[in-house]
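Peer 1: Please find one structure pasted underneath; my questions will follow.
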Amino acid sequence: MAPDSSSAGKKTLRFTKMHGLGNDFMVIDGVTQDVHLTAAQIQRWADRNFGIGFDQLLLVEPPAEPNVDFRYRIFNADGDEVEHCGNGARCFARFVLDQGLTHKRVIRVAIQKGTLELHVHDDNTVTVDMGRPQLQPEHIPFIANEQHSVYPLLISEHEPALEISAVSMGNPHCVILVNDVDKAPVQALGPLVENHDAFPKRCNVGFLQILNRHEGRLRVFERGVGETLACGTGACAAMVAGRLRGLFDTNVTLHLLGGDLEISWSGDGSVLMTGPATKVFEGYIPWNNPTHN
Ligand SMILES: N[C@@H](CCC[C@H](N)C(=O)O)C(=O)O
């Protein structure tokens, strides 16, 4: 019998552990469970030694507006709520189908900024319409006087400025072209760029190696997490950066540490992302609903 997961007093919370190419998630059904989370609680669960361990926590809630099926909220491992998560969106779609929360194969979901449409295919991959990239500096946000596809970013007085692209996929991304991702200084540069003054809301930092017009390799140092095995919004931002520089065609396969994503962008309109979503296990965790203390 399942432990008592009712939300009155000190009980348990039902969750599912999932991943999209190794970018891993604790996914919580906030439709049938009454869930209120604190940043400290999320940090404890995210801990890979003392908690469940994950890059992001995904909270699925009933819709708050018409014409959408659900609302889905995203929290980084550091407890901050963020705007968007591409790998998480695919896992969200699999989750609501697996849990019987919907039978639809085309699902509309509200995120912090706007609405996503997700298509679940027969092979269980999911295509997500990730929306239009935003390039105006004030929308990223990025400090610059005018919009360019490449900006100089000074990290140290003693080093030449980095050449970066700044892209919002709803969340802020900085994309740096490198010759070989295996040798990219991800751990050294990642935190410096993530917290650079030019990105007032911090940023996710992508290191992109172009292989040819249809293929690239990508590593991402994620805001609020560190390097992850894959980043869906990061892959879309890398596609946009590569295309703005004239280096990618419309359909590109991006090889991430955890596997491949297919990204399409015509140079205008929405970016489409297709990839897998995998369930690992379901569990219950002791939980004291903070609103019932
Ligand atoms: N892993 C994600 C992105 C999650 C949010 C990101 N760390 C941020 O702070 O914006 C993805 O697959 O897109």
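Each Cβ is built from the backbone N, Cα and C atoms, and glycine gets one as well.
What TrEMBL says about a protein is an automatic prediction, not a curated fact.
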Peer 1: Which residue of ASN67, ASN76, ASN195 does TrEMBL report at the same substrate site as ASN23, GLN56, GLY86, ASN87, ASN171, ASN204, GLU222, ARG223, GLY232, THR233?
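Peer 2: Checking ASN67, ASN76, ASN195 against TrEMBL: the substrate site match is ASN76.
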Peer 1: Would you say which of the active-site residues CYS85, CYS231 has the most Cβ atoms within 10 Å of its own Cβ?
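Peer 2: Highest number of other Cβ atoms within 10 Å: CYS231.
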Peer 1: Taking the Cβ of ASN204 (substrate binding site) as reference, which residues of that chain separated by at least 6 in sequence fall under 8 Å from it?
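Peer 2: Those within reach of ASN204 (substrate binding site), by Cβ under 8 Å and sequence separation of 6 or more, are ASN171, PRO172, HIS173, CYS174, GLU194, VAL220, PHE221, GLU222, ARG223, CYS231, THR233, GLY234, ALA237.
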Peer 1: Taking ASN23, ASN76, THR233 as the binding-site residues to compare, which has the smallest set of other Cβ atoms within 10 Å?
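Peer 2: Checked ASN23, ASN76, THR233; of these binding-site residues, fewest Cβ neighbours within 10 Å: ASN76.
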Peer 1: Going by Cα-Cα distance, pick out whichever of the recorded positions ASN23, ASN76, CYS85, ASN87 is nearest to PHE281 (site 'Important for dimerization').
Peer 2: ASN23
